[in-house]
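S.K.: The structure that follows is given in the form of structure tokens.
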Amino acid sequence: VHLTDGEKNALSTAWGKVNADEVGGEALGRLLVVYPWTQRFFDSFGDLSSATAVMGNPKVKAHGKKVLDSFSNGLKHLDNLKGTFASLSELHCDKLHVDPENFRLLGNVLVVVLAHHLGKEFTPQVQAAFQKVVAGVANALAHKYH
């Protein structure tokens, strides 16, 4: 992902204000509610029968934090996203058989959740930078599918 120095600074500043526990769980929860077919990958998570159940599910919150921690690691390796996400790409492709389109959907949901949490600090410039990164991460996660 190619980012200008200004975009990198905007990302770094914004990301420093993100609570991974809250944002990760909310992003994954929203994905599961808005795109219910994605729930089939989370059979072991228990009750996903309603939006309230999904958003309050401790396994959704815990896995959302793991997802956000991986994303955070990706922010440290923007010049090598494919390498950074190679093992996760292999897992999601070969073992879990996740449709790679779901990575793009999760990235878009994450941007919405970040906007909600960052409020006025989520400027158009910050949004543009995050959109580039989530697209790059989605492509890296889909890499083993090609």
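Placement of Cβ uses the backbone N, Cα and C atoms for every residue, glycine included.
Keep in mind that what you see is a predicted model, and the values were worked out from it rather than measured.
Sharing the record's features from Swiss-Prot:
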- H63, H92: heme b binding site (BINDING)
- 2-146: domain 'Globin' (DOMAIN)
- V1: N-acetylvaline (MOD_RES)
- S44: phosphoserine (MOD_RES)
- K59: N6-acetyllysine (MOD_RES)
- K82: N6-acetyllysine (MOD_RES)
- C93: S-nitrosocysteine (MOD_RES)
- K144: N6-acetyllysine (MOD_RES)
S.K.: Measuring CA to CA, name the entry from the recorded positions S44, H63, K82, C93 that ends up nearest V1 (N-acetylvaline).
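M.R.: Of the recorded positions S44, H63, K82, C93, K82 has its Cα closest to that of V1 (N-acetylvaline).
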S.K.: In whole Å, how far is the residue listed as 'S-nitrosocysteine' from K82 (N6-acetyllysine) when you measure between their Cα atoms?
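M.R.: Counting only the Cα atoms, the answer is 14 Å.
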S.K.: Which number gives the other C-beta atoms within 10 angstroms of the C-beta of the residue listed as 'phosphoserine', all protein chains shown included?
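M.R.: The Cβ of the residue listed as 'phosphoserine' has 6 Cβ neighbours within 10 Å.
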S.K.: Quick one: give me the count of other CB atoms within 10 A of the CB of C93 (S-nitrosocysteine).
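M.R.: Taking every protein chain into account, the count is 17.
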S.K.: So, in DSSP terms, is V1 (N-acetylvaline) helix, strand, or coil?
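M.R.: DSSP call for V1 (N-acetylvaline): coil, neither helix nor strand.
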S.K.: Give me the Cα-Cα distance between C93 (S-nitrosocysteine) and H63 (heme b binding site), rounded to a whole Å.
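M.R.: So the Cα of H63 (heme b binding site) lies 18 Å away from that of C93 (S-nitrosocysteine).
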S.K.: Which whole number is the mean pLDDT over the domain 'Globin' (2-146)?
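M.R.: Average per-residue pLDDT within the domain 'Globin' (2-146): 89.
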S.K.: Should H63 (heme b binding site) be counted as helix, strand, or coil on the basis of DSSP?
M.R.: helix
S.K.: If one measures from the C-alpha of K59 (N6-acetyllysine) to the C-alpha of the residue listed as 'phosphoserine', what distance in angstrom results, rounded to a whole number?
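M.R.: Computed Cα spacing between K59 (N6-acetyllysine) and the residue listed as 'phosphoserine' is 9 Å.
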